[in-house]
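TrEMBL has this to say about the protein:
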| type | residues | note |
| --- | --- | --- |
| DOMAIN | 26-477 | domain 'Major facilitator superfamily (MFS) profile' |
| TRANSMEM | 19-39 | transmembrane segment |
| TRANSMEM | 82-104 | transmembrane segment |
| TRANSMEM | 111-130 | transmembrane segment |
| TRANSMEM | 136-158 | transmembrane segment |
| TRANSMEM | 170-192 | transmembrane segment |
| TRANSMEM | 198-221 | transmembrane segment |
| TRANSMEM | 283-307 | transmembrane segment |
| TRANSMEM | 319-341 | transmembrane segment |
| TRANSMEM | 353-372 | transmembrane segment |
| TRANSMEM | 384-405 | transmembrane segment |
| TRANSMEM | 426-446 | transmembrane segment |
| TRANSMEM | 452-473 | transmembrane segment |
């Protein structure tokens with residue numbers, strides 16, 4: 001892949017380095033941390049449509065499902081306890097991500113990944129052996145703790161290990177493994193649902209496999225040079241950087257990493273410093289990007305795809321197969337993002353994806369509204385009609401999978417200075433989990449009350465977030481991670497919050513006569 005224009009124009013630095021087999025394998029192994037997140041997203045929605053699971057743990061929902069012809073289709077899964085089963089995980093992930101910030105900063109990224117794998121493995125065992133609802137919830141909480149640690153550390157690890165020319169593609173490996181996890185979970189749900197009485201145990205217990213992958217992977221990975229410098233291991237970090245970049249001359253990049261580390265150590269309270277004026281752009285992105293990512297409505301599809309398809313008239317097998325189809329689209333479309341993110345840029349993918357999602361949400365809302373109306377009783381759905389709904393949902397998933405899905409994790413992980421990186425990433429994960437929890441908890445209730453208007457609700461936020469990206473998100477492709485400060489200084493709006501001295505550790509200096517700063 002060619003170098004990206006904008007770094008080599010005489011205004012910035014180009015660190016030497018190659019995409020070595022070592023760093024490629026390392027990033028692939030680390031990206032497997034997304035499997036646990038994806039597997040859980042995919043598995044929970046499918047399990048909640050299995051009659052044996054509902055009959056054992058949520059009998060009131062099971063009874064409504066059996067009497068579906070007598071009730072509003074929009075409301076057949078409306079149960080606070082059932083949604084708590086799904087959403088409790090994300091509340092736990094929120095809490096653990098705050099602790100993970102300290103672990104990631106003080107003990108390294110790989111130890112944080114190890115904790116994530118072990119906790120997720122424990123939760124999978126409890127869920128697979130569950131005898132009562134409290135065991136399900138306890139297992140979900142442990143799964144959430146694991147996801148909080150993994151989501152906090154893996155994107156940082158990938159952004160720090162990858163050469164800047166390939167950072168986007170390698171970081172999106174995390175999102176790719178999330179989509180693979182979702183697809184695998186959907187396929188397993190389809191087959192395990194045919195095992196009467198206890199197939200759901202195999203679905204829930206199967207989470208042990210991705211947990212083992214990230215646990216073993218974290219044990220064999222090497223830590224990032226950034227993290228090693230941060231913990232005082234400078235000579236080891238220099239050798240690691242040479243191995244990672246595949247060249248001997250890494251002095252320039254190493255010196256910049258050391259300077260960034262020294263600056264970061266002057267920061268005694270990274271959480272408090274996030275509120276400083278110069279970090280206003282970073283804090284804004286750490287909050288709004290995950291906020292908008294969850295309000296695209298994607299979790300309505302991914303959490304509850306089988307539930308949603310069942311609700312709009314498909315049978316159990318058909319709804320699970322439709323979820324498999326959307327899972328395949330998700331994986332393939334993420335590959336498009338890996339190919340194009342460092343070629344076309346972050347902003348273009350954000351804007352195209354937002355437009356595509358908006359059109360599809362409007363069409364799906366019109367299709368469901370026309371057939372189901374307000375009472376939610378469509379009678380027999382024509383096959384062609386169901387195909388149209390699935391087709392536009394797939395196009396919607398594709399738009400998300402090459403834009404807000406991967407970029408929602410990539411962009412925050414690459415824009416934070418080292419001194420606030422762990423704390424800011426925790427804010428990013430926390431906001432993500434807060435709104436993932438909120439959407440998961442209220443979705444079925446909103447579907448019951450808003451009906452087809454729910455898709456229009458999310459479409460409104462897609463409009464807002466696309467406008468936000470157009471005006472306020474600078475392009476970050478091809479910018480070395482330790483030189484990211486200059487994108488804020490040159491931005492029409494964010495430049496008012498940062499001063500030249502904010503990025504003066506070897507990178508910015510004032511031009512003569514008070515002219516605009518230049519990168520050196």
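Cβ coordinates come from backbone N, Cα and C, glycine included.
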Interface present between the transmembrane segment (319-341) and the transmembrane segment (384-405) (three or more C-beta pairs under 8 A): yes
Local confidence of the prediction over the domain 'Major facilitator superfamily (MFS) profile' (26-477), expressed as mean pLDDT: 84
Segment-segment contact (the transmembrane segment (452-473); the transmembrane segment (19-39)) at 3 or more Cβ pairs under 8 Å: no
In contact by Cβ distance (the transmembrane segment (19-39), the transmembrane segment (82-104); 3 or more pairs under 8 Å): no
Touch test for the transmembrane segment (198-221) and the transmembrane segment (319-341), at least 3 Cβ pairs under 8 Å: no
Contact set, same chain, for the transmembrane segment (170-192): CB under 8 Å, 6 or more residues outside the stretch: 23-24, 27-28, 30-43, 46-47, 50, 154-155, 158-159, 161-162, 199-200, 202-203, 206, 210, 302, 305-306, 317, 320-321, 323-324, 326-328, 330-331, 334-335, 337-338, 341, 401, 405-407, 409-410, 413-414
Stretch with greatest number of CB pairs under 8 Å, the transmembrane segment (426-446) reference, 19-39, 111-130, 136-158, 319-341 candidates: 136-158
Within-chain partners of the transmembrane segment (136-158) [C-beta distance under 8 Å, separation at least 6 from its ends]: 27, 30-31, 33-34, 36-37, 40, 57, 84-86, 88-97, 99-101, 103-104, 109-110, 112-113, 115-127, 130, 167, 170-171, 173-174, 204, 207, 211, 214, 221, 224, 409-410, 412-413, 421-422, 425-426, 429, 432-433
